[in-house]
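Pulled from TrEMBL:
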type	residues	note
TRANSMEM	7-26	transmembrane segment
TRANSMEM	32-53	transmembrane segment
TRANSMEM	85-109	transmembrane segment
TRANSMEM	115-132	transmembrane segment
TRANSMEM	139-166	transmembrane segment
TRANSMEM	186-205	transmembrane segment
TRANSMEM	217-241	transmembrane segment
TRANSMEM	261-288	transmembrane segment
TRANSMEM	300-320	transmembrane segment
TRANSMEM	326-346	transmembrane segment
Amino acid sequence: MQNFRQALKIGFAYTGVVVGAGFSTGQEILQFFTNNGAVSIFAILLSGLLILFTGKWTADVGFDIKAESHVDSLLNMFGNIFGRIIDIVLAFFLYGVAVIMFAGAGSTFYESFGVAPWIGSLILIIGVYITLNMGFNRIVLALGAITPYLLALVVIIAVVNFLSPAVSLGEVDQHAQPSETTFGPWWWDAITYSGFTIAVAFSFLTMMGSDSSSRKVAGWGGMIGSIIIILLMFLINNGLLARMDQVNEFELPMLLLANEIHPILGFLLSIAMLLVIYNTAVGMLYPFLVRFSQPKSRRYNILLPSALILGYFLSFVGFADLVGTVYPVMGYVGLLLGLAMFFKWIKLMMAKKAPQ
């Protein structure tokens, strides 16, 4: 029972890191999947299988090498030279996703509560600063706390829209905008999105795997988180398909769906969005900071406010523009990580089958 609780904690925290501003608002799923039309259902199935594999193996690798940061895992998979190149690229994009969260907070505060975007972003940054001055275990608990709440809201929104769609599944392709998807072919969008997901989660998930009591717990934690993420992907995509005639007109399409059901549900989703945005901002910045400093050290205490202040000003570029620019490139980084894990798995399977 204790092992299950620990695996659940890892799974919820993993979900909390991945499900940020782009995911919870629907913007991410819309750009990668929904605008492909009805075939987006198959795209999510393909992407989900890849996420399931990479999620489990990332946690496993973290446990196997007792990773203190993502650097240890990267060097183990890619070697010294290429591993360090990927390390710098990944660190850069971790920070980029954190900046997207700051912009997402500004958009959510404005569209939900009429608060000026610059104030909304500032509120998030203050919360992130306070959290990142806490210990690792408290950070993990904070990341996992919102996952059940978000899952319940998404289920309600998706089911209601699925049962009373404005657009039938047969008419979806008439309103879909494939030109607005990230790369074009639905199968490549699916593969790239799985790469993006593992790139986002890789750093924090390796550290959670390292902190697990056993390899089995680490692997189950990665699988539980992956399954929750896949379920949320299906639910959000199906909800957006049901309102395919409108979703491209809004920066926060899931909020549109919630408000059409009832304003109270829209309010609750707005709160959930802000909480998961906070989750991802924390989940991105912590591994970025520990890549260049030790927690609670003098360098850490200087780097933390500096990164937050710079990120605050960078966030004024705009939420949707940042999602469309940073996420696709990060998807390629994640694909490299996924391929490395796949070859490592093949090597391990061959070693097990080889005669002793």
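For all residues, glycine too, the Cβ spot is worked out from N, Cα and C.
The transmembrane segment (85-109) and the transmembrane segment (115-132) are in contact, since at least 3 Cβ pairs between them lie under 8 Å (pairs 6 or more apart in sequence). Listed by sequence, the residues of this chain that lie at least six past the ends of the transmembrane segment (115-132) yet keep a Cβ under 8 A from its Cβ atoms are 101-103, 105-109, 139, 142, 274, 277-278, 281-282, 285-286, 289, 304-305, 308, 311-312, 315-316. Looking at 7-26, 139-166, 186-205, 261-288, the range that has the most CB pairs within less than 8 A of the transmembrane segment (217-241) turns out to be 7-26.
Residues of the same chain lying 6 or more positions beyond the ends of the transmembrane segment (326-346) and with a Cβ under 8 Å from any Cβ of it are 22, 28, 31-32, 50, 53-54, 57-58, 61, 77-78, 86, 89-90, 93, 96-97, 100, 182-183, 191-200, 202. Away from its own ends, the transmembrane segment (7-26) comes close to residues 34, 55, 59, 97, 100-101, 103-105, 107-108, 140-141, 143-148, 150, 197, 200-201, 204-205, 208-209, 212, 217-218, 220-229, 232, 236, 239-240, 247, 251-255, 257, 269, 272-273, 276-277, 279-281, 283-284, 319, 323, 327 of its chain (Cβ-Cβ under 8 Å, at least six residues beyond either end). Take the transmembrane segment (139-166) and the stretches 32-53, 186-205, 261-288: counting Cβ pairs under 8 Å, 261-288 has the most.
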